[in-house]
Amino acid sequence: MAFTSLQLWYNSRGSMTLSKPPLPIRSKSLISISCNFTAKNLNQCTRDCSFMPRNKENFLGNKVPLLPNGRLRLKVSASSGEEAESAYLEEFSWSSVILPFIFPALGGLLFGYDIGATSGATISLQSPEFSGTTWYSLSAVQLGLVVSGSLYGALIGSILAYPFADFLGRRRELIIAAILYVAGGSLTAYAPGLGALLLGRLVYGLGIGLAMHGAPLYIAETCPSQIRGTLISLKELAIVLGILLGYSVGSYEIDVIGGWRYMFGLSAPIALLMGFGMWTLPPSPRWLLLRAIQGKGPLQEYKEKAIGALSKLRGRPAGEKVSEKQIDDTIMSLKTAYTNQEAEGNFLEVLQGPSLKAFLIGGGLVLFQQITGQPSVLYYAGSILQSAGFSAAEDATRVSVVIGIFKSLMTAVAVLKADDLGRRPLLIGGVSGIALSLFLLSAYYKYLGSFPLVAVSALLLYVGCYQISFGPISWLMVSEIFPLRTRGKGISLAVLTNFGSNAIVTFAFSPLKELLGAENLFLLFGVIALLSLLFVVTSVPETKGLSLEEIESKLLR
């Protein structure tokens, strides 16, 4: 059944009943409330939807001023046994959402760029001919620190974001991330010795930690709900394009003396663009309202700031009524959600109640994203392609470009389908393909070594399925499901889980490979992929088309 407009009436005894409105109601003073019901027909819905409020001034724990005639307007969604979705579709123009997406997404692109550039930079840095230094002969430990320095910086950045992110706000957090990117990239490019190089890698990693926390928050909180999946998936595409850009720059500069300096240093001007762009954007309207609900300032003052921020984000003239109505609706949702609660989550609340449920979903996704072997599978990409006779495999940097292009194409599929098919279908289909590809790789190394086409097909299947599932959808879900008051801390903990598990998998790969052999290692990853598929089927909800407030309400039930 489609959404049906009903009226909610108070009678003299304070009870409420539902009925169809005889005429369209145009009173500007009516208050709109969205409710979801499951019913086979409108009569059943009407019969089952009677309420007895605590009193006339307190409707479901939320103080609502009554109209003189005691009437409210109620939207009811009735469906035959299926979850109802939001009927509200915000009007917007694509031109107005491009810049609020692009500048935060540059933070993700710079993360991806570091991954790609480091691949070529480590080759250049260790070359006696092209290093351009006297300290090119690095030990295994020193090389490991160069490669993983930004990863450990990202871990520290994630830890710092946990207590300070809500205080800073999404916009300022991304500006600070851009400054750290510039400082880290510049210091790395001009490093006179190994110590300065490692310090630059650490500082750059701090920027990664803040950017990977602030970017999905800012995008999710500022974009229209009906394209939220598309935009956050596009942020994942920005990461993949950054990897491809890093691979390409590495391939171009690999035979240049001191080429590693150019590979690392190119990040600085991109980061400058990111910082300037974030400086021109307004704060997140939802963050402003959260600060008001937390008692950090007068509600009216923060409300006016939020209206101005939303109008600027949507390209609307100052003072127009559409943004004001949206902000009023959001304030009402926040007050309803936080009645009789402290609006600011405490240090441990992210591990309690609905926030814990959100963390188990989001943290579980980013954990499985790493422990299903993504770094390890790509580690084998060169040897797999070589075994199939690909000429590009003679040059590691060119192989990386090939893989990067394919990753980009498959991520584009997720971008186009995240708000169409939904999150769960992409996750279920993609993770199923990941499990199949891992079992195929295990079979290749154990039984099918004479059939290299099996290995190549399995590799491409893995990369493609990862890019339509765990790659973009994990971060999309993380940015959506946390309650507003613990969203900053929750995403920080999820980012920390991601980078921590990445570090563990990267560290444990070589010992496990030596202990188990490649065939058994991929078999282990395949079993873990099956467990992750079970987790998705049983625990991950669908959030397509729902506003952030509706998702929060859904998790609270």
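Just so it is clear, glycine is given a Cβ too, placed from its N, Cα and C backbone atoms.
The transmembrane segment annotation in TrEMBL covers 97-115 (among others).
What TrEMBL lists as domain 'Major facilitator superfamily (MFS) profile' is 100-544.
For 135-162 (among others), the entry in TrEMBL reads transmembrane segment.
Residues or ranges marked as transmembrane segment by TrEMBL: 174-192 (among others). Long-range Cβ contacts of the transmembrane segment (174-192) within its own chain (Cβ-Cβ under 8 Å, at least 6 residues beyond either end) map to 103-104, 106-107, 110, 150, 153, 157, 168, 199-208, 210-211, 214-215, 218, 261-262, 264-268, 270-272, 274-275, 278-279.
Per TrEMBL, transmembrane segment is recorded for 198-220 (among others).
According to TrEMBL, the feature transmembrane segment maps to 232-250 (among others).
If you look up TrEMBL, you'll see 262-281 (among others) marked as transmembrane segment.
For the transmembrane segment (426-445), same-chain residues at least 6 beyond its ends with a Cβ under 8 Å from one of its own Cβ atoms are 365, 368, 372-373, 377, 380, 414, 417-418, 451-452, 454-455, 457-459, 461-462, 464-466, 468-470, 473, 517-520, 522-523, 525-526, 529-530, 532-533, 536-537, 540. As annotated by TrEMBL, transmembrane segment applies to 426-445 (among others).
The transmembrane segment annotation in TrEMBL covers 451-478 (among others).
The transmembrane segment annotation in TrEMBL covers 490-509 (among others).
The transmembrane segment annotation in TrEMBL covers 521-540 (among others).
Count of Cβ pairs under 8 Å against the transmembrane segment (232-250): among 97-115, 198-220, 451-478, 521-540, the largest is for 97-115. Note on the transmembrane segment (97-115): residues 150, 154, 170, 174, 177-178, 181, 204, 207-208, 211-212, 214-215, 218-219, 222-224, 227, 231, 234-236, 238-246, 266-267, 270-271, 273-274, 277-278, 280-281, 313-314 of its chain, located 6 or more positions outside it, place their CB under 8 angstroms from a CB of the stretch.
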